């Protein structure tokens, strides 16, 4: 049987699904509801497989499978994007939203079929539910997608299958099944988009910053795969291996990634980037300010490690100490969202690439910084970093950045959506930077009444909701582009549901919460 926290988490996700489809009901609503019901039942099977150690790969053990909340993210994002772009009259991105929704449903269904297939004895009722849901989804896709769109969906599914087999084998205990669905599904979609756009380059078409994101994500993933295979055959901790790492990183960056980006944007990527970063005086001020905040974050890391050395080798950073980084990230993103979102978009991509490369250096023990990074970051480990990779800081960056990257700029002619949609770029700031941080700080210091079956407290959740409402009021004051058009009840309902999800989910909340809040705001 599923325990109470999982049941409540599922109830919250079902509520979000119903809220969204009460506003944007169409033929895909039936598919989303069928997918949610079958994912709920398959979640039983995944949890049982994880408990008995019968899953195909080694997943993170300190959490449930998270299949239901993860299965609904990509389909719901596609559906609300389709509706927003349809109302704006942008046919291309309306079709793109349909492809995103279809891809998310098919990938989630594939993960469900895997769980059902490896469960012994075969669960007859769950098989029937999965078959019915699959039939509804495939029937709808048949009558909604063109042949080229069907091929695109199948390409993403094929990439997801191969990536899952490779990365889940190489990185045991780094993901739950739900987290693997979100992360690997997102990478698969990005890789397919990059291949598609590279084969159909039209000069002057497409925003260079979108290409920059696609190439950066695919580049760092391919870099990691290359060195993972290479270091199977040689010791990564030697000076020779380290020199080879740095040399090959430069070769792949300058010899593969740069020419690829040049083909897409039709200009020198380095010159374009320098011109973009220093185009206005506001951008220079923001870059100087962000450099100061980055130095402050490094100072916190060094100070906490010095404190560990003077006190005890077993000293670990407290929850409040870890939330310092949340405050720093909020201080980073809010000025960018108000004054220059395009600069924030590009800076977040650069920061993601730097974070991932630094994690490669730590993981492979690349000299001269690999061992030092291992020592410095071990202080901030928690139960979610049970695998060989440390991903929590990368998830924090992704949670803050995804609403900025996924904001449908082409469907917002004036640079912002109407109503609650105007808050979409702020979803990460509200859900993670404000809500999750305040809930953790107040819950761990003054919280006494715990939610049934969890370590989270009622006081922490209520304070988080109140803090996010205050943050929305401050955004209205300081960001003149935000106009909520009296959609206050919807904003309150969205913030409340996502805060309750934070209290009950055992998945990576830095990744999950901003996406659900973005879905609610876009609906």
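First residue shown is number 1, and so on along the chain.
Cβ atoms are placed via backbone N, Cα and C, with glycine included.
The transmembrane segment annotation in TrEMBL falls on one of the ranges 189-210, 211-232, namely 211-232.
Within the same chain, residues 67-69, 71-72, 75-76, 79-80, 82-83, 98, 101, 105, 108-109, 112, 125-126, 129-130, 132-133, 136-137, 140, 143-144, 493, 497, 500-501, 504, 516, 519-520, 523 sit at least 6 positions outside the transmembrane segment (12-41) and bring their C-beta atoms closer than 8 Å to a C-beta of that stretch. The transmembrane segment (282-303) shares more Cβ pairs under 8 Å with 324-339 than with any other stretch in the list 92-116, 244-262, 324-339, 458-478, 490-517. Sequence-remote contacts of a segment are chain residues at least 6 beyond its ends whose Cβ falls under 8 Å from one of its Cβ atoms, and for the transmembrane segment (244-262) they are 198, 211-212, 215-216, 219, 222-223, 226-227, 236, 268-270, 357, 360-361, 364, 366. Long-range Cβ contacts of the transmembrane segment (153-171) within its own chain (Cβ-Cβ under 8 Å, at least 6 residues beyond either end) map to 56-59, 99, 102-103, 106-107, 110, 141, 145, 180, 184-185, 187-189, 191-192, 225, 228, 387-389.
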